[in-house]
Structures are given as structure tokens and as C-alpha cells.
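These come from TrEMBL:
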DOMAIN    B:269-389  domain 'ABC3 transporter permease C-terminal'
DOMAIN    B:435-630  domain 'MacB-like periplasmic core'
DOMAIN    B:661-769  domain 'ABC3 transporter permease C-terminal'
TRANSMEM  B:20-39  transmembrane segment
TRANSMEM  B:263-284  transmembrane segment
TRANSMEM  B:318-341  transmembrane segment
TRANSMEM  B:361-381  transmembrane segment
TRANSMEM  B:433-453  transmembrane segment
TRANSMEM  B:660-682  transmembrane segment
TRANSMEM  B:703-732  transmembrane segment
TRANSMEM  B:752-774  transmembrane segment
Amino acid sequence: MTASFSLRGVNKQYGKGATAVHALSDVSVDIQDGELLMLVGPSGSGKSTLLNILGGLDHATSGEVRFRDALLTAMSDRDLTAYRRRHVGFIFQFYNLIPSLTAHENVDLVREIADNPLSAADALALVGLTGRMDHFPAQLSGGEQQRVAVARAIAKRPAILLCDEPTGALDLQTGAQVLEALSEINRLYKSTTLIITHNADIARMGARVVRFADGRVREIETNATPAKPFELVW
Amino acid sequence: MRPLDAKLLRDIWRMRMHAAGIVLVLGCGLAVLIMAVGMRASLEKTRLQYYADKHMADLAVSLVRAPDRLAPVMENAPGVAAVETRISGYALLDLPQVAEPVSARLISLPRQGRPRVNDLALTAGRWPDPAHPEEALVNEAFATALRLRPGSPLDAILHGHRQRLVITGIANSPEFVFVTAPGEMFPQPERFAVIWMGRDALGEAYDMRGAFNDAVIRLAAGADIRAATRAIDDTLTPYGSAGATGRDRMMSDRFLSEELSQLGILASFIPTFFLIVAAFLVNISMGRVIATERANIGLLKAFGYSDLAIAWHYAESALIFGTLGLIAGIAAGTVYGRFIAGMYRQYYHFPNLEFSASLPTLILAAAASFAAAGLGAWNAVARAARLPPAEALAPPQPANYAQGGGLFHGFAEGLDAKSRIILRRIVRFPRRAATTALGIGLAISILIVTQSFPAEMTYMLDVHFGLANRQDVTLTLSEPQEAGVLHDIERLPGVITVEPFRIDGVAFSKDQRRVEEALFGLAEGATLNRLIGRDLSVIAPPTEGVWLSRPLARKLEARAGDDITIEQLRGRRIRATVRVAGIIDPMIGSSAYMSLGNLSSLMREPGRISGAYLRLDPAAYAAFTARLKQTPALMGASFVSLAERSMRKNFNEHMGLMTAIYSSFAAIMAGGVAFSAARVTLAEQERDLATLRVLGFSRLEVSYVLIGEIMVLALLSLPFAVLFGTGMAIWMTHLFSTENFAFPYVFDPAGYAFAISFTLACVLVAALVVRGAVDRLDMVGVLKARD
Ligand SMILES: Nc1ncnc2c1ncn2[C@@H]1O[C@H](COP(=O)(O)OP(=O)(O)OP(=O)(O)O)[C@@H](O)[C@H]1O
Ligand SMILES: [Mg+2]
């Protein structure tokens, strides 16, 4: 297996001097292509910070982040935009759909900037939303909105899928549907998938689980047999 | 400080860019309001004071010749407080520093003491000594223009005799606050003088010993002006009186009154525009504040603040905007008013004319300011007051785009997603879109209106000098003379073409209605001086009967085919009946027109003319003017090219400046609206734009969504702006048109192009400035928050 990401001595510091916050301290980790990786840890431990750096939304203060052969930490804003555009799919806790576009159009949006995208209909079919294509976000439930966000993220067949607490605002049943879709995509398209969660059970889904504390990687567990989303008992 | 007060200040600080725009626009509107209302009040007050101090005449009358003994008779007429009989005439002046002869009006001073009516204000020198007949006073405007001082000599041709006068003093008169030569529309201080001389000196010069040909009358307070007029007319009619007339027929006062009414129009028209736009801006920005403050409002209400307290809290920001705008307006209005007062001093010769914004003016401005701010805030404040706390505290649902927009559905299909976002936002929230578009449209409209002024003035000048008055010189004779005089005129050096004219002051009457107006006799086949209609057609004199201009016909209630009576106002007071040949719409003037031959026959002076229009050979100009200076029997010589040059110069200086001022005010308005609209759009879209950036859209693509929406709204506003602006410009020309002056609306494509492109450029710049924020969008932050 080839390494998708490799991180060496990554630091992220907010502020300076006495009030400085070390959001990430000396993080070094390799993530394999096509891997389903779970990020867990207490609030404020640096999970989102890491995800944002990997997604090219934020810069590390020091250290190296490599995506395949490219050094993300050396990229300009413009290059990072191009990187996000080509390779990254995001899913957030609050969906972040464009309210003025229908489900279908929200997915179509990213197809405008992708090389070899899925059709919006296929992407929505993957998350089980074929019947709601022409609804606006305001007409969809939270779970449905999140599944549109998933469809939007996967439509461009991203090499990397970054999910920050994708089920944080959902009930169990709905959350399971979303996770099901994510693992399905990981299986079908071999997208490297990173999911942040506070839920220990959900974490069992991943082949590996990276545990954070105080901005450091505390331990990395390996699951020989990752659980299926619907087997998870919450 | 109460916590809510602290919050209020923070709110205003947060919206300081909006606030600056609101204050600027309010300030501009109030500045014009304060200038116009204040200037009007100042002019009115100064006029009143001046007229009272110097005993401005209530009635004036000119006649052929009456014996001095009639003065006490007139004094005893009912309602008459004082009478000053005078000798008045016209003369040409021969000044070494001016090539052309200058026209002058001469007026006698009483033998003893100062004039009891139309007294003078001496600004330099002393009164003439009756023992020295050559001593004279001259009006200040003329003296200033030609740098004449007490002691300067002045060569005049009085009644055919050359005479050297000596200036002893410089004076102003309430009778000549605004000084124009007879027949001219515009003052040319260096071309026309008013000269006051001793009664005996003028009596000698005009052969009027023991007699007078002019009287000014002051009435007692509360006197019946009609009764007094009738009494004066009864006394003077046998002596060739033209009939006593009130101040409405006195040139200077008439111009002043017209200026006052135009200031009134300015005071109501332009500020209204600005105040409406200021209200718009308040509406846009307050609406935004309330939308972002939903949670706070809910919280405050949950804590127990009443709806009224909440409403007051937000109304206070409107009050603060109103106050700041008022302060800006008073400061700018005072500067502006002083500037305008300085300009007025060049045209209106009062002893002292100062601008001051009176208390009522300031109260009016304050009321206007708070009304605009309050009206703008009303909607938002009411919304804040109505918001139920529970709803305010619940997280906002994503705006529902499912409603509406059906019409555009098919259209949206064909667009890319970014354009679709723009379209949907406009279609879904038409009121918000319309508010922005209306604001931008109003900015374009006011620029169209201000840009139309210079185009219209230029058009007027072009028509007046290019089509109507193509002569080089107009010569006016002291008395109508036999047509033989034309041969003498033709023999003047350099004369190429001569065209005679006749003008009689007459009273038109039909049934009970009576109107005094000029009746022109026009030469047939005239090429130099022609009557031009509003449609720019050349109106030939009627072969039979008389043309009435529309305002005159309206006053007489006369129609084509009616017979009307005319009565000559001077001399033999010939009465006759003529048929109305038709009603015409001349560009300038509210008179009546006949053919020259018909008019002179009607006045039983066949062939006699009042003057002539001349075309000159430029090479012989100097010889012509030199000869003219020696010519007796001329009342006036008007040099059209000099008049044109002076009018165009004045126009360029003053109109140009005024247009620049109003255009920059309009530009501030356009900028304010554009900036507000762009910032509000950004605020509303911030989250969506950041999401697009996260998804991998470039800055350029994201900026398109932001700038596109504003530009689309600006483009949508164009049809409204052009229609409304044109409507306003036309309405404005009607407001500024007077009875004898039809101010035309002129479509000037360059003005429209400027108004539109300038405003669109403002919008684009504002959008680009705001676009800078797209670069600083907090992509990480927007993902954390729920909105
Ligand atoms: N913009 C910022 N400025 C200052 N400090 C920040 C900023 N963003 C994050 N931090 C700090 O960095 C640390 C890591 O934050 P991060 O958001 O990565 O935590 P997290 O593990 O995602 O927590 P959670 O589970 O609550 O989402 C925290 O202590 C946080 O306070
Ligand atoms: Mg987090």
C-alpha cells in the first residue's frame, strides 16, 4: 500500500507568547491510500485542526505534510485551492449546503470543478436520496441534508474524504445511514477517508483509530475486523 | 452606561461603514436643503430690509411729459405716502476703454435732499452738487466692471448732445438690485449703466424744464393698490402715461421673485431625492442588523425587556444617524450657503447680502433628517419589536427557496450553479432586491437630472443665438421713426444687412380681461431675427391679424378667430380691434406678434419702426462702433456676440460649478448605495461564499457570485432609472419654466451615458472593495458555527 498522507513533526500554534495555544504538537503519522481512519479524542485535542490542515484550509506552523508527492506545507493559497478542488471532499457537522440550490444542484455544483465526476443522480442514489433531488435544503431533514453533503463530497470521486463529526447533529438511525454511505464509498472508490467522532462505538468502524490528546497522537489502534455501521450498538 | 447603551454604540461602530454612507447622503440632502431654504430666507429678509430702508416704490409710471405741478396732486391721491417725480431717459456712453458704445439709463435726483422713493445707498464718494450739472452717480456693478472711481470722467450722448460727466459717487438702488439692459435676459454689468444726475441738468439735456416723464410712488401701509393706481392713472393719462404698474412689472423685483421661487423648488426637489435614498440606506443596513441580531433580541426579551424597550433600542440608532447627518448637513449647508451668497452678490446688488441659516431653517432640516432616518428604520424596528422570543432564540432555518421562482425555473435550468445562486436570491427575495435596485436607480436618476441642466442651458443658448438672434447688433431708436431711417443705418460703415422691427407696449383686452404686454412687429422674410417655436420651427408673422403666445392667450381666454382690443400704452394711446390669427408656442416670450406693416398701420404710423437688426462686416467693426458712438437718437445698441460671450462665460463658470456640486453629491449617493448594497450582500452570503471556497472554488469564481448579484441588480435598475430620471428632468423643466420662458427638456445621450456608466462604475468599485473580503473569508470559522 502507498502512503496517501505522511506527516512529520507537524505543529500548529495559535497566538504567541504566554497566551499561545499549541493545537498540534509534533504530530507524525502516515495514512495509507484508501484507508478508513477514525480520529478520536477529547474536545480541544486538535482533531479539527489536523483535518483542516490536511484539507488545505489551514497552514501548519511548522513540520511537513505530504500528499502523495506534493508538499502541502509549501503550497500557496492558490495551489491549496487547486488541491482541494482536485482531490478533497469535505463533510461537516453543519452540512454547509447552499440554501439557494436544490439537492441536485448542490451536488452539481462540485461537478463544475471536477475532472471525472459522478452524475449528481448517481451520487444522490448512493446516499439513497433519489426521490428528493429537486428539494431545497430548507425542505430536507437534517439527516437528508447531511446525505446531500455526502453526495456533494463524493460526486467528484475525491482521493480524500474528510469528515468532521458528520453525525454530530443527527440521531442514531440517521447517523448510521450517513456512515453507511461513507463506508460504502470508501469501499467502492477507495477514497482515503478520515472521520472525526466523539463516539467510541462509531470509532470501531475504522481500520485504524488515531487517539488524540493535548494536540498529540496518544495511540493508534488497529481493528482487524472493522464494524459495519448498522452493527454498531450505540 | 447601561449595558444596552454600550451595545448600541458597539452596533453603530460595527456598522460604521454603513453609517458613514448614511450620514454622507443625509448630509448632502440637508446641505442643499439648508442652503436653499436659508438662502431664500436670507434673500427675502435682505430684500425686505433694503426696500424698507430705501423706500422701494410700490408703483412706477412712465409718461411722455407732465408739468411739475402734478406732483402734489399725486401725493394727495388716496393711499399714496410719497411720490418722486423724475426725468428719465436713455443714452449711449462713449468710454475710451470699450470699443462699443455702452447703453445707459439716466434718472434724475431731486433738487433738494435725497429721493423719498427709491433712495440710493452710496458705497463710495458723495452726492452730486446741484450747482454742478456735470456731476453724476453711477451704479456699483458698472463702476466695478469698468473700474470707475469717484472723479472718473464719463462721456455721454444725451438726447443727441455729447456731454462730459464726472462721477462723484458709486451707488446702489433698490430699483436696480438686478440690473439688465432693456430687452436683455441676462446682466452684463460692463454693457449697461444706471446714472443718477441732478434734476436741472437732465431737464436741460432732455428739454424737460419744469416737467417730468417718470414717477415712482410709495403707498401707505394697508393702502388699496388698485384705488391708488386708478387715481395716479386718472391724473397722468392725459400726459401720455403708460399706466402705473406694480412691483410685478419692475424688472429687478421680478427677477428677485423668480429667483426666490426657484430656490423654493430647489429646496423641495433635490433634498427629497437624497432623503429618500438616505431612508433606503437606513432601511438596508438596519434590516441587516436586526437579521443578525435575532438571537440577541430573543435573549433580551427572554430577560424581560419589553417590546417597546427593544424597539426604542433600535430606533436610537436611527436617531443617532439622523443627528450625525444633521450635523454634517448644517456644516456643509453653511459652507455651501456662504458660497452661493458670494455668487449671488455678483448678480444681486444689495448693500450687504449674507447667508444665514435661521432657526426655522435648522428646525426644518432636523425634522427632515429624523423623518428620513425614522422612516428608513421603521420596518426594521417594527420587526424587532414583533419578534417572539422563542422564535428569535431558535436557530434560523436555511432560507426556504422552494417558494416562488416558478416563472424562472426553466431559465435557471440553463445556467451554471453560480449564476443560479444569483438568480434564485433575487427571485426569492424580490423586496430586498428591489430595495437595492431602487437605491441604485435613484442614484442614476438624480445624475440624469443634474446632467440635464447643462444640456438644456446649452440648448437654450444655441437656439437663442444660433437660430433666433442671428444679428450682430440691435439698434433701438428713442422714438419710432420713418422707415427712411433705415437708409441712414444702412450707410453706417460695415453694415451688410438691415432688418427693421417695431415694438409697442399695449394693453390687450377681451371681455373683462386686460393684460399688458409687448406687441412685436416682425419683418416678413426676416433672416436675422426670427421667432422660434418650441419645436424649433421658424414662425413667420401672420399676414392678417395677430399671433398670441399661448400664455397670453390663456390669460385673455382668447381663441383663434376671436376679436380682441388693443390699446397703445404710450403716446397717442391708439385703440383698435384685431383678429387673433392663431395661438403659437414660442420658446421665449409671452408676447403677441404681427407683421411689421400691419402693426405700424394699426398704430397709425405707417412704415414707422422702433429699431433694426444689423449684420456687420467684421472687418469694419471698429469703424462701425466709432461711428455709433457719435450717433444721436439712439436709445440703445445691443451687441449680440458680446452678450453671447458673457452669457456663455457666466454659464460655464456658475452652471458648471453647480452641476459639478450636484454631480458630486449624486456620486456620493451612488457610492453610498452601491457600498451598502455590496456589504449587505456580502454579509448575507458570507457563509455560502466560504463554503464555496472550501469546496475548491477559486476567489475569482466566488467573487463572481458576490459582484454578479449587485451588478445584475444595477442593470435591472436601469430601465426604471432612465424612465424615472427622464420624468424628473421633464418635471424639473416645467417647474423652472416661467411665463415667458419655456425651459425645454433636452435629451442628451452623453448625459445619460455618464449617469449610467458613472453609477455602474461606483457600484463596481464598491463591489470590488467589498470583494476584498472574499480573500479574507474565514473558511475554518464558518464551518464551526451553525450560522
Ligand atoms: N482560531 C483559533 N484561535 C485560537 N485557538 C484555536 C483556534 N482554533 C482552535 N484553537 C484551539 O486549538 C485547540 C484545538 O482545537 P480543535 O478545534 O482542533 O479541537 P477539536 O479536537 O476539534 O475539538 P472538538 O472535539 O471540540 O471539536 C483548542 O484548544 C482550540 O481552543
Ligand atoms: Mg473539532
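The backbone N, Cα and C atoms fix where each Cβ goes, and this holds for glycine too.
TrEMBL annotations: computationally assigned, not manually curated.
Contact between the transmembrane segment (B:660-682) and the transmembrane segment (B:361-381) is not supported: fewer than 3 Cβ pairs lie under 8 Å, counting only residues 6 or more apart in sequence. Across the range of the domain 'ABC3 transporter permease C-terminal' (B:269-389), the DSSP-based residue counts are 103 helix, 0 strand, 18 coil. The list of residues near the transmembrane segment (B:20-39) in space but at least 6 beyond its ends in sequence, with Cβ under 8 angstroms from a Cβ of it, reads 263-264, 266-267, 270-275, 277-278, 281-282, 285, 321-322, 324-326, 328-334, 336-337, 340-341, 344, 355-358, 361-362, 364-365, 368-369, 372-373, 662, 665, 668-669, 671-673, 675-676. By the Cβ criterion (distance under 8 Å, sequence gap of 6 or more), the transmembrane segment (B:752-774) is not counted as touching the transmembrane segment (B:318-341), fewer than 3 such pairs being found. Within its own chain, the transmembrane segment (B:318-341) has Cβ neighbours under 8 Å at 8, 12, 19, 22-35, 38-39, 42, 278, 282, 286, 353-357, 362, 365-366, 369-370, 372-374, 376-377, 381, 661, counting only residues six or more beyond its boundaries. Through the fold, the transmembrane segment (B:703-732) approaches residues 265, 269, 418-419, 421-422, 425-426, 433, 436-438, 440-449, 452, 674, 677-678, 681-682, 685, 688-689, 692, 745, 747, 752, 755-756, 759-760, 763-764, 766-768, 770-771, 774 of its own chain, all at least 6 residues removed from its boundaries and within a Cβ separation under 8 Å.
The DSSP breakdown of the domain 'ABC3 transporter permease C-terminal' (B:661-769), given as helix, strand and coil counts, is 94 helix, 2 strand, 13 coil.
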